[in-house]
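Q: Taken from TrEMBL, the feature Na(+) binding site covers Val62, Asn66, Ser305, Leu404, Ser408. Per TrEMBL, compositional bias 'Polar residues' is recorded for 7-18. The disulfide bond annotation in TrEMBL covers Cys164-Cys172. According to TrEMBL, the feature region 'Disordered' maps to 1-44. Annotation comment: TrEMBL describes 53-71, 83-104, 125-152, 224-243, 250-275, 295-317, 338-357, 395-418, 430-449, 461-482, 502-523, 543-565 as transmembrane segment.
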Amino acid sequence: MYKQRTGIENPSYVSSNDDPVEDGDQNGSCEVQTEAEEPSAPKRDNWGNDIEFLMSCIALSVGLGNVWRFPFIALENGGGAFLIPYLITLFLVGKPIYYLEMILGQFSSRANVKMYNYAPIMRGIAYGQTMAIFFVTTYYSSLMALTLHYFIDSFYPTLPWSYCRKEWGDLCIDSKLDSDESLKRAQQNSTAVKKSSAEFYFINIVLQEKSNIDDGLGVPNWKLVLTLAFAWLVITVVIFKGIKSSGKVAYFLAIFPYVILLVLLIRALTLPGAFDGVLFFLTPQWDKLLDAKVWYAAVTQVFFSLTVCYGVVVMYASFNRFRHNIRRDCNIVTSLDTLTSLLSGIVIFGILGNLAYESNNPNIKSVVKSGPALAFISYPDAIAKFQTMPQIFSAFFFLMLFILGIGSNVGIISTVITVISDQFPNIKRWIVVFASVLICYGLALLYVTPGGQFVLNYIDFYAVTLVVTVLGVFELLSASWIYGVKNICRDIKFMLGVETSIYYRICWAIITPIFMTAVYIYMLVDYKPLTYNDVRYPESLYALGWCITAIGVGQLLIWGSYAIWSGPELSFDERFRGAFKPASDWGPLDPTALKEYQDFVRETTSIKKTGIWSKILDNIFG
């Protein structure tokens, strides 16, 4: 009997001679040690109650992506027709992955790294995802700094982006002007491209943006340095005591944005031209359904919105009580996330419809800016045209964005902190929190420099999108085919006492991995050198970007090799096969529940099928 080694868990179940491990078990059926001593239960926090977990998941998933990313992605990819591929991908990709990550986190009571005790050779997936989520938390905080900057600006007697400065010249149009004045001003020089004062303000005052970064990024904007510091201060206060503090704040972070969103909905729908904007948003462009780019956009939006394949959902679920009804929460969160995206789209396009009406511009699409510009140019431009107290509407809008950002970033940075704390339990948590916050704040300063948006766009693509997409495919394959759908369903039966539907079985085993693989292939085929505002990066940065991607994805190879070579003194073949099987402590963290689970596994273990198709069908249908 080989004992579990320190540092990394035994990559295989090694049993006594009376209970041999059968070779070639790709589904990882859990043979267990029969002579192992009963382990002591590690101390781990739990949510104060089940509602705290639900509210935290809502605050995490319902974020900035619902408000500015979804409306623009929908507009660019078929309007109302985009809802069809979006709902299909949500049903076939988003919801199955969300439920799977919830299940694995709650069942093991471990964050994403130690969750891979079910297949130690795949542990590099978690390290790569943690690296990606670390970059996300740095640039996400810079967006929060921008929203806070605009929130403070909302209290000026005259909104500072509503009028043109002299230095901006004749190419600037006051955002606050009515339609006749705007049209007259625009006709003065019909050959020149006119820009609103809101756009000039965002580019020249807030970002102080450079046309390129060939000569460096520049010095951070001191105002954004301060708002960024305040954003991290708020995050630190929320996460300081872990889920004991963040769980309590989650009620506010999850509910209050909806209060503001409903206020904005009522106001938006009462604006002239609002219904034209909503109709434009919902009108289908059916020809888009045959475009592969639309389906790619739908999958990436589901990923971005639900925050799946980042390790955050696993981390939150790991703090649940073992028998918590997680299937109900999955249905609530995924449904609410979709409804919030639709509601946000109606609000946003109601505002943009009013903007087009006020500008005498029948083409609503022409007034829409993508990404951060949608939140910090199009919306402020529309708000500046309000005749009655635009400051109140502006303050509510940017306060909502800031709270949404806090709710999402709390979960994101908590994942990084939990991984570090789990790996180094002897380091006090407050030290990990302060060290992580200071490092993230320091890196986030890069995004508030004049070249900061170039950096954000670059990091989001090479360090996050490419890495998470690849590792997401391997996450699904490792759970569904290395550990096995059959074993996942068995674990759900033990934990929740319910049978897993054929919908989840087929999605986990076949449909979702195929969708994910197709998205990755499309990304590679459609790849073009990254640009920002049609400006190319220095050539050396493209090579560096692929190196960053390789480091993230390469964690899979690094930790896979470690799982093989750090095993007991067995042959290479035994170590290799063992690295694909669950560790000896895989199962519930509580010792009593673990023993019950091991007994349950023995009782439910069936005779293994022979033949490849028999094994495949047995894995899916049990």
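Heads up, the Cβ atoms here are built off N, Cα and C, so glycines get one too.
Note: TrEMBL annotation is automatic and uncurated.
I'd like to know what surrounds each of these features in this structure.
A: Counting Cβ atoms from all protein chains shown, Cys164 (disulfide bond) has 22 others lying within 10 Å of its own Cβ.
Beyond the transmembrane segment (125-152), the same-chain residues lying 6 or more positions past its ends with a Cβ under 8 Å from any Cβ of the stretch are 64, 111-113, 115-116, 206, 223-224, 227-228, 230-232, 235, 309-312, 372, 375-376, 380, 394-395, 398-399, 401-402, 405-406, 408-409, 412-413, 415-416, 419, 440-441, 443-444, 446-448, 452, 455-456, 459-460, 463-464, 467-468, 471, 474-475, 478, 551-556, 558-559.
Counting residues 6+ beyond its ends, the transmembrane segment (224-243) has Cβ neighbours under 8 Å at 45-48, 52, 56, 141-142, 144-146, 148-149, 152, 206, 249, 319, 402, 405-406, 409-410, 413-414, 417, 429-430, 433-434, 437, 440-441, 444-445, 448 in the same chain.
Using a Cβ-Cβ cut-off under 8 Å and counting only residues 6 or more beyond its ends in the same chain, the transmembrane segment (295-317) has close neighbours at 53, 56-57, 60-61, 63, 65-66, 69-70, 73, 76-77, 82, 85-86, 88-90, 93-94, 97-98, 101-106, 111-112, 115, 126, 129-130, 132-133, 136, 326, 333-334, 337, 341, 408, 411-412, 414-415, 418-419, 465, 468-469, 471-472, 475, 515-516, 519, 522-523, 526.
Within the chain carrying the transmembrane segment (338-357), a Cβ under 8 angstroms from the stretch's Cβ atoms is held by residues 62, 66-68, 70-71, 74-75, 83, 86-87, 90, 179, 258, 261, 264-265, 268-269, 271-278, 280-281, 305, 363-364, 366-368, 374, 378-379, 381-383, 385, all 6 or more beyond its ends.
Same-chain neighbours of the transmembrane segment (395-418): 56, 58-64, 66-67, 111-112, 130, 133-134, 136-137, 140-141, 143-144, 147-148, 150-151, 154-155, 231, 234-235, 238-239, 242-243, 246, 249-250, 252-254, 256-257, 260-261, 263-264, 307, 310-312, 315-316, 318, 375, 379, 383, 429, 432-433, 436-437, 440, counting only residues six or more beyond its ends whose CB sits under 8 Å from a CB of the stretch.
Nonlocal intrachain contacts for the transmembrane segment (430-449), taken as residues 6+ away from its ends with a CB within less than 8 angstroms of a stretch CB, comprise 134, 137-139, 141-142, 145, 217-221, 224-225, 228-229, 232, 235-236, 239-240, 413, 416-417, 420-421, 424, 455-456.
Note on the transmembrane segment (543-565): residues 8, 11, 120-125, 127-128, 131-132, 458, 461-463, 466-467, 470-471, 474, 530, 572, 575-576, 579 of its chain, located 6 or more positions outside it, place their CB under 8 angstroms from a CB of the stretch.
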Q: Cβ within 8 Å of the Na(+) site's Cβ centroid: which residues qualify beyond Val62, Asn66, Ser305, Leu404, Ser408?
A: Leu60, Ser61, Gly63, Leu64, Gly65, Val67, Asp337, Thr340, Gly407
Q: Who are the chain neighbours of the transmembrane segment (53-71) in space, where the CB to CB distance is under 8 Å and they lie at least 6 residues beyond its ends?
A: 47, 140, 143, 243, 246-247, 250-251, 253-255, 257, 281, 301, 304-307, 312-313, 316-317, 319-320, 324, 329, 332-334, 336-337, 340-341, 344-345, 348-349, 371-372, 374-375, 400-401, 404-405, 407-408, 410-412
Q: Could you work out which of the recorded positions (Val62, Cys172, Leu404) has its C-beta surrounded by the smallest number of other C-beta atoms within 10 A?
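A: Relative to the other recorded positions in Val62, Cys172, Leu404, Cys172 has the fewest Cβ atoms within 10 Å.
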Q: Write out the long-range same-chain contacts of Asn66 (Na(+) binding site), meaning residues 6 or more apart in sequence whose Cβ is under 8 Å from its Cβ.
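A: Asn66 (Na(+) binding site) has long-range Cβ partners Ser305, Asp337, Thr340, Ser341, Ser344, Leu404.
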Q: Using a 10 Å radius around its CB, how many other CB atoms surround Ser305 (Na(+) binding site)?
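A: Taking every protein chain into account, the count is 25.
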Q: Between Cys172 (disulfide bond) and Val62 (Na(+) binding site), how many Å separate their Cα atoms?
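A: For Cys172 (disulfide bond) versus Val62 (Na(+) binding site), the Cα atoms are 35 Å apart.
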Q: Give me the count of other Cβ atoms within 10 A of the Cβ belonging to Ser408 (Na(+) binding site).
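A: The answer is 26 other Cβ atoms.
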